[in-house]
Amino acid sequence: MKYDLIIIGSGSVGAAAGYYATRAGLKVLMTDAHMPPYQQGSHHGDTRLIRHAYGEGEKYVPLVLRAQTLWDELSTHNEEPIFVRSGVVNLGPADSAFLANVARSAQQWQLNVERLDATALMTRWPEIRVPDNYIGLFEADSGFLRSELAITTWLRLAREAGCAQLFNSPVSHIHHDDNGVTIETSEGCYHASKALISAGTWVKTLVPELPVQPVRKVFAWFKADGRYSTKNRFPAFTGEMPNGDHYYGFPAENDELKIGKHNGGQRIQAPEERKPFAAVASDGAEAFPFLRNVLPGIGGCLHGAACTYDNSPDEDFIIDTLPGHENTLVITGLSGHGFKFAPVLGEIAADFALGKTPSFDLTPFRLSRFSQ
């Protein structure tokens, strides 16, 4: 049997692509080396932020707004909502370049973002402490996503729509010819007109020339009471420290508040180098500088987890066909800020398989930018 689309890597983007391509009427085969959702990638740990006014650049805003529409639609397929509209407050020095980007994208796209000075910030959320020169940009329409629930939902919906799924079966080789794409797996060879490579952190095992660096990252849950929960209208947050370190976190659930540091981490070259949480001496204390200064009422570390970022050189996404192979789309280099975009990236992959022109300007995400 020849498929219209083979998906290599069915974590976040691949799971979404499998659903949207199958829903569009294509014959799709989803593959993965593991059984998604899983702990080996970048999507575990229960939750991920979604922000619309985007500090990483205005080029992402059209994508994330479309993603939000798709998240809202996906949430209707579950009793438990996938998207929680908690609001997100971005904290940092008034002269922060990141916050300037947030404000600029909000203005350009007419997004609902409220600017709070330090006094107003601490009045609204007395649990938060910031220096006098800090501001908060609060986006009430943003929030967080239940990442593993999302992937489980996409997989179920794709399967129910007739998508073939081959999991726990690593792809060892990809071959291109005039008839399309062939993959080799432990279960045999499979053929398709087109392929999506969304293999995440270890994409270079299949495409060694891609400029992607795996980075080991950690996040942890700390003791927190009801003041820090959505029931008390406590928001999700990002926070920039005076030294430039960036943190992110979520409202407490079940008296546990999750927080992580976005920058830093350990560069790794193989899956076995991604040691579990607490294997690196600094893991448990990584969030202390932020908690001690900004959220001093939070208690001790309860537990943590390790994940991996697939970092591109400029930490912007890679969305492009493989050089010399126009029938193979690669989506990688999501650099620790990609999960919120998973549905729109999956939709882009489905449109690619259908032969449709992308609805978005993907020029900033082409591979050619690294050779200029």
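Backbone N, Cα and C define each Cβ position, glycine as well.
According to Swiss-Prot, the FAD binding site annotation covers 4-34, on the basis of sequence analysis. DSSP gives D32 (FAD binding site) a coil state; it is part of no helix or strand.
Among the features that Swiss-Prot reports, S-8alpha-FAD cysteine is placed at C307. Neighbour density for C307 (S-8alpha-FAD cysteine): within 10 A of its CB lie 22 other CB atoms from the protein chains shown.
A 10 Å cutoff on Cβ-Cβ distances gives S12 (FAD binding site) a total of 32 other Cβ atoms nearby, all chains included.
Cα-Cα distance from C307 (S-8alpha-FAD cysteine) to S12 (FAD binding site): 14 Å (rounded to the nearest whole number).
According to DSSP, C307 (S-8alpha-FAD cysteine) is assigned to a strand segment. Of all the binding-site residues listed here (D4, D32), it is D4 whose C-beta has the fewest other C-beta atoms within 10 angstroms. Listed binding-site residues: I8, A16, A24, V28; maximum Cβ neighbour count within 10 Å falls on A16. Taking the Cβ of Y20 (FAD binding site) as centre and 10 Å as the limit, one finds 27 other Cβ atoms among all the protein chains shown.
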